[in-house]
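Down below is the structure, laid out as structure tokens.
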Amino acid sequence: MGVPTSDWIYWCRLCARDDVVYKVRERDDDLVRIISKCFDVEMTLEEPELGSMLCEECYSVIGQLITFSDSVSKVQAIFELLRHSEPQDSQDLDALRLEYGLPPACKQDLEFLDIDDTEDRCSLVEELTISDHSTSPSPDFEAQTVRTRANLKQCNSDPKVLASPTASIPEVETKRSRRQQFAAKRNSKVYTATESDDEEAILDEDEAVSPPPLKRKRGRPKGSGKQKNVDDSDNVTSREPDDNAKSKQDDKTSELSMSPHGSQSSNFVDYPCKICNETFMSFMALRRHKHDMHGGPKKYVCDHCGKGLKTFTSLVEHQLVHTEEKPCICPVCNAGFKNKARLRVHSQTHGEPKFECNVCGKKLQTRAILNKHKYVHTDERRFKCEVCGSGCKNSTALKIHLLGHTGLRPYVCKYCGKAFASNTNCRSHKWKKHPELASKEDETESSRVPVPTLEELRAITREMAKAKQD
């Protein structure tokens, strides 16, 4: 859960809660599309822009809507394929479902529908004889209650009653009534009277006959005050588990809460992706990452490198990688970036360190840097070199290592022309060999140079290894 705030611009855009955990951005096209389609709320598109924050509850609901929408699209594609297939064609339906990312066919076991016929018929007799509380009571209500009890006793003891025309109503209707009763019992949270309470109420009505009730307002149930007194003790006990459950939930989510300055507490919990080892702050963020990056068909293919992407927006953003265009410029150091998301992450490096390591206490500017730093305290080397087999603790170290295999030295000292594989070594060289010139450098001047990505370096070194084997 997020930290409550009094600034309304940071409230949840859908429910106005102040404990927000997620900010909707322009690149979250699925979120923006679903919210616009279902609720007619144009997030990130207003002029002037309103708040685009979501609380954990709303973010979870929208995530389920996105997943359900994708599932519906897959199902419609399957139906279109089956509709245009010939009747004599044999289709492996299970394989077809798996091809479109759907689980194998399964039947849901509804236990509450497996009810004894005797119980169904007895409950039907009870429904037919007891008048509804929402209707105005008849004058002979007490006599009708006595008849109801007699009918119930006869239903439980005499098998002839079960064979009567009243009890021989089709089984479908009885199951439907039982299903409605089950849904009503499950949805009720406050007024849950037990069978013993109902029997006591009937006995009280038999012993003391109340005067004819006064005419009440329309829609108000008869005996609401009495029902409230009967269930008063149950209400007290029923609220206690809710409070306990809420306190447990708060304790569980407090570990993920952030400080008022935006920094994460030392007791943070990471949710790692088992496929790419990227970590996330919440389970919902991890699930969305798996859905966007590792799940579903990738129908948009890049013309330059053949990479498949799930959305057209992702394709347009990816195609910037193959160009020199960097439309997003940092106002502090004039560094250029392909999209606003990378610029937003980079802008955090110019601020005060906010993310604290819970092992050594070191503070870092961004969460990504913190995640890389945490592997300093472990012996795990997840990133392996395919050429020499050596391991690195993070992707940056592997990238520098692969640059050494390729012989590329993209970082060049502008004072003496010496080239380096990493920008850190280049900056260190400037301060050691050219301290006077380095101190006069313009800090706003961008020092970034085009460097191959980690995937491109892996492809280059893989081809080099094949060439050596041949």
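Don't overthink the numbers, they just go from 1 along the chain as shown.
Glycine residues also receive a Cβ, built from the backbone N, Cα and C atoms like all the rest.
Per Swiss-Prot, the residue annotated phosphoserine among Ser52, Ser69, Ser123, Ser168 is Ser168. Between the listed ranges 24-46, 139-161, 300-322, 438-460, Swiss-Prot ties the annotation zinc finger to 300-322. Residues of the same chain lying 6 or more positions beyond the ends of the zinc finger (271-294) and with a Cβ under 8 Å from any Cβ of it are 21-22, 30, 56, 59-60, 63, 66-67, 70, 256, 264, 310, 367, 371, 382. When pLDDT is averaged over the zinc finger (328-350), the result is 83.
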